[in-house]
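Chemist: Let me begin by handing over the structure; questions about it come next.
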Amino acid sequence: MSPGVAAVHHARLGAGVGLALGESSTNGELCASAIVPLLEHVAAGGASTAFMYGQTGSGKTHTMAGIEQVAAATLLPAGCAAASARLQYFEAQRAEAREACGGGPLELSLSLARAQVRGDRCVDLLVERGKELMLANDASGVTHVLGLSSADFTSSSELLAALATAKSRRATHATGANAVSSRSHAVCTIELCSSAADGPCAGKRRPPAAVLTLVDCAGSERKEDSATHNSDRRKEGAEINASLHVLQECMRQWVATEAGRQQVHIPFRQSALTRVLANSFTRSDTRMAVIGTVSPASTDAEHSLATLRVVCQIGAESGVTRETRQAVKSVGPPLEPVRPSPKTYDVAAVRGWLARACSGAFAPLLPVVSPSLDGRGLMKLSAKQMASIWGVSEEIANAIFSELRAEARRAEESQKARRAGMRAHERKKFG
(Lines of atoms letter the chains of each structure in order from A and count residues from 1; the text may use other names and numbers.)
(Lines give C-alpha, C1' and ligand atoms only; values in the text may rest on other atoms or scores of the structure.)
Protein backbone atom coordinates (compact mmCIF):
# COMPACT_ATOMS: atom_id res chain seq x y z
CA MET A 1 0.00 0.00 0.00
CA SER A 2 1.34 3.45 -0.92
CA PRO A 3 2.20 5.96 1.82
CA GLY A 4 -0.73 8.24 2.68
CA VAL A 5 -3.33 5.80 1.33
CA ALA A 6 -5.84 4.31 3.77
CA ALA A 7 -7.81 1.12 3.31
CA VAL A 8 -11.52 1.83 3.78
CA HIS A 9 -14.10 -0.86 4.43
CA HIS A 10 -17.86 -0.59 4.33
CA ALA A 11 -19.35 -2.44 7.29
CA ARG A 12 -22.88 -3.80 6.95
CA LEU A 13 -24.82 -4.67 10.09
CA GLY A 14 -27.67 -7.14 10.03
CA ALA A 15 -30.17 -7.23 12.91
CA GLY A 16 -33.36 -9.23 13.45
CA VAL A 17 -35.61 -6.51 14.88
CA GLY A 18 -39.38 -6.75 15.01
CA LEU A 19 -39.95 -3.70 12.80
CA ALA A 20 -37.68 -1.41 10.76
CA LEU A 21 -38.86 1.93 9.33
CA GLY A 22 -37.00 4.25 6.95
CA GLU A 23 -36.42 7.98 7.17
CA SER A 24 -39.48 8.68 5.01
CA SER A 25 -41.80 6.79 7.38
CA THR A 26 -44.25 8.72 9.53
CA ASN A 27 -45.11 8.61 13.21
CA GLY A 28 -48.48 7.22 12.18
CA GLU A 29 -46.88 4.17 10.58
CA LEU A 30 -44.77 3.54 13.67
CA CYS A 31 -47.73 3.87 16.03
CA ALA A 32 -49.97 1.62 13.96
CA SER A 33 -47.45 -1.21 14.13
CA ALA A 34 -45.74 -0.82 17.50
CA ILE A 35 -47.82 1.43 19.76
CA VAL A 36 -51.50 0.69 19.12
CA PRO A 37 -51.15 -2.92 20.42
CA LEU A 38 -49.73 -1.49 23.66
CA LEU A 39 -52.59 1.00 23.92
CA GLU A 40 -55.19 -1.71 23.37
CA HIS A 41 -53.56 -3.71 26.18
CA VAL A 42 -53.86 -0.67 28.48
CA ALA A 43 -57.47 -0.08 27.43
CA ALA A 44 -58.21 -3.66 28.48
CA GLY A 45 -56.76 -3.01 31.96
CA GLY A 46 -53.11 -3.95 31.45
CA ALA A 47 -49.78 -2.13 31.77
CA SER A 48 -47.65 -1.07 28.80
CA THR A 49 -44.32 0.73 28.57
CA ALA A 50 -42.63 2.26 25.52
CA PHE A 51 -39.01 3.44 25.49
CA MET A 52 -37.31 5.82 23.07
CA TYR A 53 -33.59 5.03 22.89
CA GLY A 54 -30.84 6.50 20.72
CA GLN A 55 -28.27 9.17 20.06
CA THR A 56 -28.96 12.80 20.86
CA GLY A 57 -30.47 14.56 17.85
CA SER A 58 -31.78 11.37 16.21
CA GLY A 59 -35.48 12.19 16.67
CA LYS A 60 -36.52 10.57 19.95
CA THR A 61 -38.50 13.50 21.33
CA HIS A 62 -40.17 14.17 17.96
CA THR A 63 -41.27 10.55 17.69
CA MET A 64 -42.49 10.52 21.29
CA ALA A 65 -44.69 13.56 20.56
CA GLY A 66 -46.45 11.54 17.85
CA ILE A 67 -46.92 8.62 20.24
CA GLU A 68 -48.48 10.94 22.84
CA GLN A 69 -50.99 12.22 20.28
CA VAL A 70 -52.05 8.70 19.36
CA ALA A 71 -52.28 7.70 23.04
CA ALA A 72 -54.53 10.66 23.84
CA ALA A 73 -56.87 9.86 20.95
CA THR A 74 -56.94 6.14 21.75
CA LEU A 75 -57.38 6.03 25.51
CA LEU A 76 -59.65 8.97 26.29
CA PRO A 77 -63.41 8.31 26.43
CA ALA A 78 -63.90 10.43 23.32
CA GLY A 79 -61.52 8.20 21.38
CA CYS A 80 -62.64 5.13 19.50
CA ALA A 81 -59.46 3.29 18.46
CA ALA A 82 -59.64 0.90 21.42
CA ALA A 83 -63.33 1.31 22.26
CA SER A 84 -64.13 -2.41 22.38
CA ALA A 85 -61.29 -3.29 24.76
CA ARG A 86 -61.94 -0.22 26.87
CA LEU A 87 -65.65 -1.06 27.14
CA GLN A 88 -64.84 -4.54 28.44
CA TYR A 89 -62.47 -3.09 31.02
CA PHE A 90 -65.03 -0.43 31.94
CA GLU A 91 -67.70 -3.07 32.50
CA ALA A 92 -65.33 -5.11 34.67
CA GLN A 93 -64.65 -2.02 36.78
CA ARG A 94 -68.38 -1.41 37.10
CA ALA A 95 -68.98 -4.97 38.26
CA GLU A 96 -66.32 -4.63 40.94
CA ALA A 97 -67.75 -1.27 42.02
CA ARG A 98 -71.23 -2.79 42.26
CA GLU A 99 -69.96 -5.34 44.74
CA ALA A 100 -68.03 -2.76 46.75
CA CYS A 101 -70.44 0.18 46.74
CA GLY A 102 -73.80 -1.15 45.67
CA GLY A 103 -73.61 -0.22 42.02
CA GLY A 104 -74.13 3.14 40.35
CA PRO A 105 -72.58 4.76 37.26
CA LEU A 106 -68.84 5.15 36.88
CA GLU A 107 -66.91 8.08 35.45
CA LEU A 108 -63.84 7.33 33.34
CA SER A 109 -60.85 9.70 33.01
CA LEU A 110 -57.12 9.75 32.39
CA SER A 111 -54.66 10.73 35.09
CA LEU A 112 -51.34 12.19 33.92
CA ALA A 113 -48.06 12.42 35.84
CA ARG A 114 -44.77 13.51 34.28
CA ALA A 115 -41.31 13.71 35.79
CA GLN A 116 -37.74 14.13 34.62
CA VAL A 117 -34.78 12.20 36.00
CA ARG A 118 -31.30 13.76 35.99
CA GLY A 119 -28.68 11.64 37.68
CA ASP A 120 -30.06 10.86 41.14
CA ARG A 121 -32.58 13.73 41.06
CA CYS A 122 -36.23 13.39 40.13
CA VAL A 123 -38.26 16.54 39.34
CA ASP A 124 -42.01 17.02 38.84
CA LEU A 125 -42.72 18.58 35.42
CA LEU A 126 -46.42 19.26 36.02
CA VAL A 127 -45.67 22.08 38.47
CA GLU A 128 -44.27 25.37 37.26
CA ARG A 129 -40.96 25.46 39.10
CA GLY A 130 -40.21 21.75 39.05
CA LYS A 131 -40.56 20.43 42.59
CA GLU A 132 -37.84 17.94 43.47
CA LEU A 133 -39.21 14.52 44.41
CA MET A 134 -38.05 11.75 46.70
CA LEU A 135 -37.96 8.03 45.97
CA ALA A 136 -38.80 5.64 48.80
CA ASN A 137 -39.48 1.92 49.16
CA ASP A 138 -42.35 0.59 51.25
CA ALA A 139 -42.18 -2.50 53.46
CA SER A 140 -42.81 -4.79 50.48
CA GLY A 141 -39.98 -3.22 48.47
CA VAL A 142 -42.22 -1.30 46.06
CA THR A 143 -40.76 2.05 44.98
CA HIS A 144 -42.92 5.17 45.34
CA VAL A 145 -42.27 8.66 43.98
CA LEU A 146 -43.21 10.86 46.93
CA GLY A 147 -44.93 14.15 46.13
CA LEU A 148 -45.44 13.51 42.41
CA SER A 149 -48.47 15.51 41.27
CA SER A 150 -51.09 14.30 38.80
CA ALA A 151 -53.98 15.80 36.87
CA ASP A 152 -57.17 14.29 35.42
CA PHE A 153 -58.30 14.87 31.85
CA THR A 154 -61.38 13.96 29.85
CA SER A 155 -60.38 15.47 26.48
CA SER A 156 -57.37 14.83 24.28
CA SER A 157 -56.76 18.55 23.66
CA GLU A 158 -56.38 19.23 27.40
CA LEU A 159 -54.08 16.24 27.82
CA LEU A 160 -51.85 17.24 24.91
CA ALA A 161 -51.66 20.84 26.16
CA ALA A 162 -50.50 19.59 29.58
CA LEU A 163 -47.91 17.34 27.93
CA ALA A 164 -46.59 20.26 25.86
CA THR A 165 -46.30 22.46 28.95
CA ALA A 166 -44.45 19.74 30.84
CA LYS A 167 -42.13 19.22 27.87
CA SER A 168 -41.20 22.92 27.86
CA ARG A 169 -39.94 22.55 31.45
CA ARG A 170 -37.61 19.70 30.60
CA ALA A 171 -33.88 20.37 30.88
CA THR A 172 -32.11 20.90 27.55
CA HIS A 173 -28.64 22.07 26.53
CA ALA A 174 -26.93 22.65 23.21
CA THR A 175 -24.56 19.89 22.08
CA GLY A 176 -22.57 19.36 18.92
CA ALA A 177 -25.38 17.22 17.50
CA ASN A 178 -28.48 19.06 18.73
CA ALA A 179 -29.08 22.67 19.75
CA VAL A 180 -31.86 21.63 22.17
CA SER A 181 -30.64 18.22 23.30
CA SER A 182 -32.70 16.67 26.10
CA ARG A 183 -30.33 16.25 29.04
CA SER A 184 -32.75 14.33 31.23
CA HIS A 185 -34.94 11.24 31.01
CA ALA A 186 -38.64 12.12 30.75
CA VAL A 187 -41.10 9.63 32.27
CA CYS A 188 -44.78 10.11 31.44
CA THR A 189 -47.37 7.97 33.24
CA ILE A 190 -50.97 7.86 32.00
CA GLU A 191 -53.45 5.92 34.12
CA LEU A 192 -56.94 4.91 33.04
CA CYS A 193 -59.01 5.78 36.13
CA SER A 194 -62.60 5.20 37.18
CA SER A 195 -64.60 6.62 40.07
CA ALA A 196 -68.21 6.36 41.23
CA ALA A 197 -70.40 9.20 39.99
CA ASP A 198 -72.84 8.93 42.91
CA GLY A 199 -73.79 6.69 45.80
CA PRO A 200 -71.75 5.86 48.92
CA CYS A 201 -68.49 5.76 46.94
CA ALA A 202 -69.08 9.00 45.00
CA GLY A 203 -65.81 10.67 44.04
CA LYS A 204 -63.65 7.86 45.36
CA ARG A 205 -61.17 6.70 42.75
CA ARG A 206 -60.58 3.02 42.34
CA PRO A 207 -56.92 1.88 42.36
CA PRO A 208 -55.66 2.22 38.76
CA ALA A 209 -54.78 -1.01 37.03
CA ALA A 210 -54.48 0.26 33.46
CA VAL A 211 -51.21 2.18 33.08
CA LEU A 212 -49.27 3.48 30.08
CA THR A 213 -45.67 4.57 30.71
CA LEU A 214 -43.76 6.52 28.05
CA VAL A 215 -40.03 6.99 28.54
CA ASP A 216 -38.10 9.48 26.41
CA CYS A 217 -34.50 8.69 27.30
CA ALA A 218 -31.81 11.35 27.22
CA GLY A 219 -29.46 11.02 24.26
CA SER A 220 -26.42 8.80 24.66
CA GLU A 221 -23.01 10.35 23.95
CA ARG A 222 -19.52 9.12 23.16
CA LYS A 223 -16.44 10.45 24.93
CA GLU A 224 -15.50 12.28 21.72
CA ASP A 225 -18.83 14.13 21.73
CA SER A 226 -18.06 15.75 25.07
CA ALA A 227 -14.45 16.76 24.31
CA THR A 228 -15.38 20.46 24.14
CA HIS A 229 -17.91 20.40 27.02
CA ASN A 230 -17.22 21.95 30.40
CA SER A 231 -16.93 19.80 33.52
CA ASP A 232 -20.64 20.07 34.37
CA ARG A 233 -21.71 18.89 30.91
CA ARG A 234 -19.19 16.03 30.97
CA LYS A 235 -20.46 14.90 34.37
CA GLU A 236 -24.01 15.14 33.07
CA GLY A 237 -23.14 12.99 30.05
CA ALA A 238 -21.48 10.38 32.26
CA GLU A 239 -24.60 10.19 34.47
CA ILE A 240 -26.82 9.79 31.42
CA ASN A 241 -24.71 6.96 30.00
CA ALA A 242 -24.56 5.22 33.40
CA SER A 243 -28.34 5.31 33.83
CA LEU A 244 -28.85 4.09 30.27
CA HIS A 245 -26.54 1.16 30.98
CA VAL A 246 -28.59 0.16 34.04
CA LEU A 247 -31.82 0.55 32.06
CA GLN A 248 -30.42 -1.64 29.28
CA GLU A 249 -29.45 -4.34 31.76
CA CYS A 250 -32.86 -4.26 33.47
CA MET A 251 -34.65 -4.62 30.16
CA ARG A 252 -32.41 -7.47 29.03
CA GLN A 253 -33.10 -9.36 32.25
CA TRP A 254 -36.83 -8.61 32.00
CA VAL A 255 -36.91 -9.99 28.44
CA ALA A 256 -35.07 -13.13 29.56
CA THR A 257 -37.59 -13.66 32.37
CA GLU A 258 -40.62 -13.06 30.13
CA ALA A 259 -39.28 -15.46 27.52
CA GLY A 260 -38.98 -18.15 30.17
CA ARG A 261 -35.27 -18.59 29.49
CA GLN A 262 -34.39 -17.99 33.11
CA GLN A 263 -35.63 -16.43 36.33
CA VAL A 264 -33.19 -13.64 37.10
CA HIS A 265 -32.87 -10.65 39.38
CA ILE A 266 -33.76 -7.36 37.67
CA PRO A 267 -31.41 -4.68 39.10
CA PHE A 268 -33.87 -1.77 38.94
CA ARG A 269 -32.69 -0.34 42.28
CA GLN A 270 -29.29 0.64 40.82
CA SER A 271 -30.39 3.98 39.34
CA ALA A 272 -33.05 6.62 39.96
CA LEU A 273 -34.50 6.10 36.46
CA THR A 274 -35.08 2.38 36.88
CA ARG A 275 -36.45 2.90 40.40
CA VAL A 276 -39.08 5.23 38.94
CA LEU A 277 -39.85 2.51 36.37
CA ALA A 278 -39.94 -0.32 38.93
CA ASN A 279 -43.65 -0.96 38.32
CA SER A 280 -42.95 -1.71 34.66
CA PHE A 281 -40.41 -4.38 35.59
CA THR A 282 -42.36 -6.02 38.42
CA ARG A 283 -45.92 -6.26 37.05
CA SER A 284 -46.66 -9.65 35.57
CA ASP A 285 -48.90 -8.24 32.82
CA THR A 286 -46.49 -5.59 31.50
CA ARG A 287 -45.89 -5.30 27.77
CA MET A 288 -42.95 -3.32 26.44
CA ALA A 289 -41.67 -1.81 23.22
CA VAL A 290 -38.16 -0.45 22.64
CA ILE A 291 -37.91 2.06 19.80
CA GLY A 292 -34.38 2.85 18.66
CA THR A 293 -33.76 5.99 16.60
CA VAL A 294 -30.73 6.19 14.32
CA SER A 295 -29.26 8.81 12.00
CA PRO A 296 -28.49 8.14 8.31
CA ALA A 297 -25.39 10.36 8.44
CA SER A 298 -22.02 8.61 8.18
CA THR A 299 -20.67 10.81 10.99
CA ASP A 300 -23.17 9.12 13.32
CA ALA A 301 -22.44 5.56 12.18
CA GLU A 302 -20.77 4.58 15.45
CA HIS A 303 -23.77 5.81 17.43
CA SER A 304 -26.21 4.08 15.09
CA LEU A 305 -24.37 0.76 15.42
CA ALA A 306 -24.37 1.08 19.21
CA THR A 307 -28.12 1.80 19.24
CA LEU A 308 -28.88 -1.20 17.03
CA ARG A 309 -26.76 -3.48 19.19
CA VAL A 310 -28.57 -2.33 22.34
CA VAL A 311 -32.02 -2.75 20.81
CA CYS A 312 -31.12 -6.20 19.48
CA GLN A 313 -29.68 -7.36 22.79
CA ILE A 314 -32.81 -6.23 24.61
CA GLY A 315 -35.57 -7.62 22.48
CA ALA A 316 -34.70 -8.49 18.90
CA GLU A 317 -35.98 -11.74 17.47
CA SER A 318 -32.50 -13.23 17.09
CA GLY A 319 -30.84 -11.31 19.91
CA VAL A 320 -27.65 -10.95 17.84
CA THR A 321 -26.23 -8.73 15.14
CA ARG A 322 -24.28 -9.83 12.07
CA GLU A 323 -21.56 -7.65 10.57
CA THR A 324 -19.88 -8.04 7.18
CA ARG A 325 -17.19 -5.85 5.61
CA GLN A 326 -16.70 -4.76 2.02
CA ALA A 327 -13.77 -2.73 0.66
CA VAL A 328 -14.76 0.54 -1.00
CA LYS A 329 -12.77 3.00 -3.09
CA SER A 330 -14.22 6.31 -1.97
CA VAL A 331 -16.35 7.60 0.87
CA GLY A 332 -17.05 11.04 -0.56
CA PRO A 333 -15.26 14.31 -1.28
CA PRO A 334 -12.20 15.23 0.81
CA LEU A 335 -12.99 17.33 3.85
CA GLU A 336 -10.97 19.97 5.64
CA PRO A 337 -9.03 18.56 8.62
CA VAL A 338 -10.59 19.15 12.02
CA ARG A 339 -8.82 21.71 14.20
CA PRO A 340 -7.86 19.97 17.47
CA SER A 341 -9.10 21.35 20.78
CA PRO A 342 -6.38 22.72 23.09
CA LYS A 343 -7.62 20.27 25.72
CA THR A 344 -6.30 17.43 23.56
CA TYR A 345 -2.81 18.88 23.02
CA ASP A 346 0.12 16.76 24.13
CA VAL A 347 3.32 18.36 25.49
CA ALA A 348 4.78 18.95 22.03
CA ALA A 349 1.54 20.50 20.73
CA VAL A 350 1.40 22.91 23.70
CA ARG A 351 4.94 24.13 23.01
CA GLY A 352 4.19 24.38 19.30
CA TRP A 353 1.09 26.47 19.95
CA LEU A 354 2.97 28.85 22.28
CA ALA A 355 5.64 29.26 19.60
CA ARG A 356 3.10 30.07 16.84
CA ALA A 357 0.23 31.87 18.58
CA CYS A 358 -0.12 35.60 17.94
CA SER A 359 2.73 35.51 15.41
CA GLY A 360 5.17 34.12 17.95
CA ALA A 361 4.45 36.71 20.65
CA PHE A 362 4.48 34.02 23.36
CA ALA A 363 7.59 32.18 22.12
CA PRO A 364 9.93 33.86 24.68
CA LEU A 365 7.99 32.05 27.43
CA LEU A 366 9.02 28.56 26.29
CA PRO A 367 12.11 28.33 28.56
CA VAL A 368 9.97 28.91 31.69
CA VAL A 369 7.05 26.67 30.71
CA SER A 370 7.10 23.25 32.39
CA PRO A 371 8.28 20.56 29.93
CA SER A 372 5.48 18.28 31.20
CA LEU A 373 2.61 20.75 30.65
CA ASP A 374 -0.04 19.31 28.31
CA GLY A 375 -3.24 20.83 26.93
CA ARG A 376 -5.48 19.70 29.77
CA GLY A 377 -3.14 21.26 32.32
CA LEU A 378 -2.78 24.45 30.29
CA MET A 379 -6.56 24.92 30.02
CA LYS A 380 -6.89 24.64 33.80
CA LEU A 381 -4.59 27.61 34.43
CA SER A 382 -6.14 31.00 35.12
CA ALA A 383 -4.51 34.23 33.93
CA LYS A 384 -3.33 34.96 37.48
CA GLN A 385 -1.76 31.52 37.77
CA MET A 386 0.05 31.98 34.45
CA ALA A 387 1.45 35.32 35.63
CA SER A 388 2.59 33.84 38.94
CA ILE A 389 4.08 30.59 37.61
CA TRP A 390 5.80 32.02 34.54
CA GLY A 391 6.76 35.39 36.03
CA VAL A 392 5.08 37.50 33.34
CA SER A 393 2.94 40.62 33.55
CA GLU A 394 -0.83 40.38 33.97
CA GLU A 395 -1.22 41.92 30.51
CA ILE A 396 0.74 39.10 28.85
CA ALA A 397 -0.97 36.45 30.98
CA ASN A 398 -4.41 37.81 30.04
CA ALA A 399 -3.41 37.81 26.37
CA ILE A 400 -2.35 34.13 26.55
CA PHE A 401 -5.52 33.20 28.41
CA SER A 402 -7.77 34.99 25.89
CA GLU A 403 -5.99 33.55 22.85
CA LEU A 404 -6.18 30.05 24.32
CA ARG A 405 -9.96 30.36 24.79
CA ALA A 406 -10.30 31.76 21.28
CA GLU A 407 -8.39 28.74 19.94
CA ALA A 408 -10.79 26.44 21.82
CA ARG A 409 -13.76 28.19 20.20
CA ARG A 410 -12.18 27.88 16.75
CA ALA A 411 -11.64 24.17 17.34
CA GLU A 412 -15.28 23.69 18.35
CA GLU A 413 -16.50 25.57 15.26
CA SER A 414 -14.19 23.45 13.10
CA GLN A 415 -15.68 20.25 14.49
CA LYS A 416 -19.23 21.53 13.96
CA ALA A 417 -18.41 22.53 10.37
CA ARG A 418 -16.92 19.09 9.67
CA ARG A 419 -20.06 17.34 10.95
CA ALA A 420 -22.30 19.70 8.98
CA GLY A 421 -20.30 19.06 5.81
CA MET A 422 -20.53 15.30 6.16
CA ARG A 423 -24.27 15.48 6.87
CA ALA A 424 -24.75 17.66 3.77
CA HIS A 425 -22.84 15.09 1.72
CA GLU A 426 -25.02 12.28 3.10
CA ARG A 427 -28.24 14.17 2.28
CA LYS A 428 -27.00 14.77 -1.26
CA LYS A 429 -25.87 11.18 -1.62
CA PHE A 430 -29.16 9.64 -0.49
CA GLY A 431 -31.36 12.25 -2.11
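Counting begins at 1 with the first residue displayed.
The backbone N, Cα and C atoms fix where each Cβ goes, glycine too.
Note: TrEMBL annotation is automatic and uncurated.
Okay, so TrEMBL annotates it like this:
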type: DOMAIN; residues: 1-317; note: domain 'Kinesin motor'
type: BINDING; residues: G54, Q55, T56, G57, S58, G59, K60, T61; note: ATP binding site
type: REGION; residues: 412-431; note: region 'Disordered'
type: COMPBIAS; residues: 417-431; note: compositional bias 'Basic residues'
Chemist: Just to verify: the residue among G54, G57 with the fewest other Cβ atoms within 10 Å, which of the binding-site residues is it?
Modeler: G57
Chemist: For the binding-site residues G59, T61, which one has its C-beta crowded by the most other C-beta atoms within 10 angstroms?
Modeler: T61
Chemist: Based on DSSP, name the secondary structure state of T61 (ATP binding site): helix, strand or coil.
Modeler: helix
Chemist: Give, as a single whole number between 0 and 100, the mean pLDDT over the domain 'Kinesin motor' (1-317).
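Modeler: Across the domain 'Kinesin motor' (1-317), the average pLDDT comes out at 77.
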Chemist: Can you tell me whether DSSP puts T56 (ATP binding site) in helix, strand or coil?
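Modeler: DSSP assigns T56 (ATP binding site) to coil.
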Chemist: Would you mind checking how many other C-beta atoms are within 10 angstroms of the C-beta on S58 (ATP binding site)?
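Modeler: That number is 25.
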